[in-house]
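Student: Taken from TrEMBL, the feature domain 'Ferric oxidoreductase' applies to 90-217. Sequence annotations record features per position, and here TrEMBL assigns transmembrane segment to 45-66, 117-143, 163-189, 201-224, 230-253.
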Amino acid sequence: DFYFCSFPILHSAANWLKPPDLEQKKPHTPRYLTRAYWQNNSRKLLFLCVYTLLNLLLFVAAMLYHSYGGGWFMLAKGCGQCLNFNCTFVMVLMLRRCLTWLRTTWVVRILPLDQNILLHQIVGYAILLFTLVHTAAHVINFARMSESSEFSLWEYLLTTRPGIGWIKGTASVTGVILQLLICLMVVCSSTFVRRSGHFEVFYWTHLSYIWVWILLIIHCANFWKWFVVPGLVFLLDKIVGIAVSRMGGLYIVEVNLLPSKIRLTFFQNFGMKLHLGGTVYLLVLH
């Protein structure tokens, strides 16, 4: 069986193949403010509105629940609750086989399933923002606490002596490591890294998500409640993917460079069927 696959090439490369404009374009309304953009991206925009509202509700509820600890403590807890949600939701957006199945159902009419990578990136940046604010709020709160306690600021941040955390007082130490790992993952997943010929940097640093989840379970007493169901689904999704990959492989028999896309022709010699929205992994040899 033969399959055809097309995907966009880099914007700059596409411009090489496009003839130069003969006339200078007239000033126009920004794309994001046009009615056509809002109509064409209605599902994505609605999804982002619901996502933002949910984060806001979680943030406010956590702040009110911890109102006894002062403003900085409330801010840290509000961001922490949003991190509980986002650090599991970012995984849901990468359940490739589940998303492929959902594309065959009525859900595709409501959710922007074809933009899961973009949404994954948005959630990743939200995690970085919440992490920075969460850490800064705790540092300021620890600085205030150190003025009237036997522990210094550095003991609060880098030791287990104050006993903060549900597993042998490791909340602060694991928090520092998490901050470093999340910053590293976001920086190394930036476009300039992935397209600079160092894709391996992005790939291997992104695998740190395993350590992030382990540290989050140690860091926060309630994170496992958010993680257990999506984590099991994620594990099952990975197991199915590995099992399918061992059944055989696809072979590229033809490559065509089109004006703005690359078209690949695949051949497969086993009984697997490809579906709309499915994922194909390409092994590019140097």
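The backbone N, Cα and C atoms fix where each Cβ goes, glycine too.
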Student: Using DSSP, what's the helix, strand and coil tally for the domain 'Ferric oxidoreductase' (90-217)?
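Tutor: The composition, in the requested order, is 93 helix, 2 strand, 33 coil.
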Student: To the transmembrane segment (201-224), which of 45-66, 117-143, 163-189 is linked by the most Cβ pairs under 8 Å?
Tutor: 163-189
Student: Report, as numbers and ranges, which residues of the same chain sit near the transmembrane segment (163-189): CB under 8 Å and 6 or more residues beyond its ends.
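Tutor: Sequence-remote neighbours of the transmembrane segment (163-189) are 121, 124-125, 127-128, 131-132, 135, 138, 142, 156-157, 201-202, 205-206, 208-209, 211-212, 215-216, 218-221.
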